[in-house]
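Visitor: Mind looking over this structure? Questions follow.
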Amino acid sequence: MSASRFIKCVTVGDGAVGKTCMLISYTSNTFPTDYVPTVFDNFSANVVVDGSTVNLGLWDTAGQEDYNRLRPLSYRGADVFLLAFSLISKASYENVSKKWIPELRHYAPGVPIILVGTKLDLRDDKQFFVDHPGAVPISTAQGEELRKLIGAAAYIECSSKTQQNIKAVFDAAIKVVLQPPKQKKKKKKAQKGCAIL
């Protein structure tokens with residue numbers, strides 16, 4: 001029997017968007033109600049997806065600016081990134097293209113990205129928006145638009161609190177590494193027609 005493939009999966013995104021809760025929810029099937037650490041301890045587990053066993057290594061990062069110099073150290077050897085934003089934070093949504101994509105393209109060019117919208121349970125919670133009048137929900141269509149803009153392999157909305165789509169996020173990350181999307185041929189055609197004499 002062959003050894004399972006190791007996949008390094010790194011979470012990135014603004015502080016307080018729910019990266020650590022997503023990892024805790026996935027690895028323990030529970031939602032942390034009291035203390036949530038800034039960074040989850042690295043975790044690895046054997047996971048079976050579509051009949052293939054992989055050893056999934058999960059790396060958490062801190063989104064706060066204090067960690068800007070340290071964070072890229074965890075990018076080395078990454079097979080896939082989970083780029084998270086909160087579905088109730090327009091700023092975290094905007095920072096995906098303003099801050100995170102430039103950082104990932106600089107330190108880890110070519111590594112596939114799964115775009116993840118977190119806190120799905122709160123987007124439909126009317127009371128949350130009454131209590132937080134400045135909060136602006138991000139729609140599924142806006143998430144899909146952002147996925148296309150940044151060239152992410154997939155876009156998934158999830159809730160760590162209700163566990164909705166949590167497994168789907170990590171399954172998508174594993175699948176994009178095991179079965180990379182085929183490169184589109186459009187680029188080659190465009191390059192052929194761009195000869196300037």
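Keep in mind that glycine also has a Cβ here, set from the backbone N, Cα and C atoms.
Relevant sequence annotations retrieved from Swiss-Prot are reproduced here:
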BINDING   13-20, 60-64, 118-121  GTP binding site
LIPID     Cys194  S-geranylgeranyl cysteine
MOD_RES   Cys194  cysteine methyl ester
MOTIF     35-43  motif 'Effector region'
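Map these features onto the structure and tell me what's around them.
Guide: DSSP gives Gln64 (GTP binding site) a coil state; it is part of no helix or strand.
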Visitor: To what whole number does the mean pLDDT across the motif 'Effector region' (35-43) round?
Guide: 70
Visitor: Three-state secondary structure of Lys19 (GTP binding site) from DSSP?
Guide: helix
Visitor: Reduce the DSSP letter at Leu120 (GTP binding site) to three states and note it down.
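Guide: Helix, per DSSP.
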